[in-house]
Amino acid sequence: MNKQNNYSDDSIQVLEGLEAVRKRPGMYIGSTDKRGLHHLVYEIVDNSVDEVLNGYGNEIDVTINKDGSISIEDNGRGMPTGIHKSGKPTVEVIFTVLHAGGKFGQGGYKTSGGLHGVGASVVNALSEWLEVEIHRDGNIYHQSFKNGGSPSSGLVKKGKTKKTGTKVTFKPDDTIFKASTSFNFDVLSERLQESAFLLKNLKITLNDLRSGKERQEHYHYEEGIKEFVSYVNEGKEVLHDVATFSGEANGIEVDVAFQYNDQYSESILSFVNNVRTKDGGTHEVGFKTAMTRVFNDYARRINELKTKDKNLDGNDIREGLTAVVSVRIPEELLQFEGQTKSKLGTSEARSAVDSVVADKLPFYLEEKGQLSKSLVKKAIKAQQAREAARKAREDARSGKKNKRKDTLLSGKLTPAQSKNTDKNELYLVEGDSAGGSAKLGRDRKFQAILPLRGKVINTEKARLEDIFKNEEINTIIHTIGAGVGTDFKIEDSNYNRVIIMTDADTDGAHIQVLLLTFFFKYMKPLVQAGRVFIALPPLYKLEKGKGKTKRVEYAWTDEELNKLQKELGKGFTLQRYKGLGEMNPEQLWETTMNPETRTLIRVQVEDEVRSSKRVTTLMGDKVQPRREWIEKHFEFGMQEDQSILDNSEVQVLENDQFDEEEI
């Protein structure tokens, strides 16, 4: 892979300083919550991956140390250890100057996904301390930094070595990451596993040395993205073996793997130089365009589509498709839309992917004739179902059919008085009794109430036309008013927030999961925008005294309960709420609906693959994966009165005081 490129001191280019990083970290790592925290690790890992991507080294070890710091070690060439043309040691330039990287101007890399150097300096700026150890040219070098990037030592030669590579250890700064500086093994695992899937020869080890959390996992996939697709489809009924294509066009390397399952949603994961492009881009467009064109040509050739028939829509062809599209693009062609590298803008990538897929897919379809015919028939059925769903939507939206909508919502929805969609909230409330209290206790101006009476369908297993037949889901679709599935338009939503409010028991949790499954599958932009919430009613009410001296307090956790019991002393009465219906309207407003005092959990999708796999595991047809997951993640000795707040993985937003970076 272009080994003549010279990764040396002079190949590191300096573009600008580091001043703004600590002041505005969100601009560089997205946020200072746990996503931003883990992003620090990815920046350093991506630098190590770049070495492997360009043919140097094949191992990366990531270790969460006992003191909460983290180490990333590779066996690449090792960072340059000489003096940079600016007069400073090159290592110091890499770790203290923003945009000092080996990728700029093609100095050290043909293809690069990490910002190689940008990442290193940003991580240093946001760390309490950072140390780098380099094995290069037979010597071991060491340099340390502290207090957000200031060198605390020069580059020191420590001894001799036969190895090559770089080891970076850092401890995040808790004055920047105020919520937590604790790394989550599972979050890191998903991302590292992804990197291993994308590079066949890469071996990654993840270690956790923290007391009580000791754990180790290895990731190495000889069949690369073929195994990635199998991993994503785990727990689903698949229709064939994974298909893979590789090729090169316009100097861009293209790898594609795909497999159909029996479900109704598509999952396309795209990558550029091993970095996930979660918002897609030109490479994804090229894949979809070629696939749609080739499938339609094939359908006409085998006479499943007649001359008079219109072409199959891409959405119908991709129903039940899981695909991974990975491209490697030379630096001079690489363009992203926006700062976060989440959407590819390189125009040549579209034609490159289109060319490779259009060249290879027809042969695959001819070779697998029986399967191909069944996939075409599947797409035709999807087209028919989509047409039926479209007609149902049009019926619901057209003026002449408004009576049906009014009938559907009659006696159910209690609307907000305001028409301000930027402020209005929709409460989905379990049961009639709680719905009644919510109607009386709400702020009529901006809060709408929709009680859920019947059974909510499990949308993981249902197709769109069946979902429309479920009264509860249909009512939610009409109430939100922004469409559903591929036709969902978030800007048309009648509400800024959708808040799920259920009892704090097993049935309530089940309703939450059913609703979240629906939102994740069919109104995903609403979840991605952070506009779906779970209301958190209190578990306990404590009351003491009478008349003017009467004091009423609420507790959401056992910890809060114990604190209040000590504070109130003897003589209080304690009520354990079993359901929302036990609260009168004033109590429900005060504890669960008042923006000044309520507690909400914002539902967020941090990792698309992880979220999708969890939904399949928990809501799919197969019992065994669900049983194994539950046994691994839940203690069945839990007391009935334990709260969701006791889960350290749940981030809670209290009193509606959202951080600017969380919104």
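A Cβ is built for glycine as well, from the same backbone N, Cα and C atoms used for every other residue.
Listed in Swiss-Prot for this protein:
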- Tyr7, Asn47, Asp74, Gly114, Leu115, His116, Gly117, Val118, Gly119, Ala120, Lys341: ATP binding site (BINDING)
- Glu430, Asp503: Mg(2+) 1 binding site (BINDING)
- 424-538: domain 'Toprim' (DOMAIN)
- Lys455: site 'Interaction with DNA' (SITE)
- Asn458: site 'Interaction with DNA' (SITE)
- His510: site 'Interaction with DNA' (SITE)
- Arg626: site 'Interaction with DNA' (SITE)
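Counting only the Cα atoms, the space from Asp503 (Mg(2+) 1 binding site) to Asp74 (ATP binding site) is about 50 angstrom.
With respect to their backbone Cα atoms, His510 (site 'Interaction with DNA') and Asp74 (ATP binding site) stand 45 Å from each other. According to its DSSP assignment, Lys455 (site 'Interaction with DNA') is coil.
Of all the recorded positions listed here (Lys341, His510), it is His510 whose C-beta has the fewest other C-beta atoms within 10 angstroms. Lys455 (site 'Interaction with DNA') is 11 Å away from Glu430 (Mg(2+) 1 binding site) when you measure Cα to Cα. Considering only the binding-site residues Asp74, Glu430, Asp503, the Cβ with the fewest other Cβ atoms within 10 Å is that of Asp503. Here the domain 'Toprim' (424-538) returns a mean pLDDT of 86 for the predicted model. For the recorded positions Gly119, Lys455, the largest tally of other C-beta atoms within 10 A is found at Gly119.
Residue environment of Asn458 (site 'Interaction with DNA') contains 16 other Cβ atoms, counted within 10 Å of its Cβ in all protein chains. Taking the C-alpha positions, the distance from Lys455 (site 'Interaction with DNA') to Gly119 (ATP binding site) comes to 49 Å. Rounded to the nearest whole angstrom, the C-alpha distance between Lys341 (ATP binding site) and Asn458 (site 'Interaction with DNA') is 35. Secondary structure by DSSP for the domain 'Toprim' (424-538): 52 helix, 21 strand, 42 coil. With respect to their backbone Cα atoms, Gly119 (ATP binding site) and Asn458 (site 'Interaction with DNA') stand 42 Å from each other. Separating the Cα atoms of Asn458 (site 'Interaction with DNA') and Asp74 (ATP binding site) is a whole-number distance of 45 Å.
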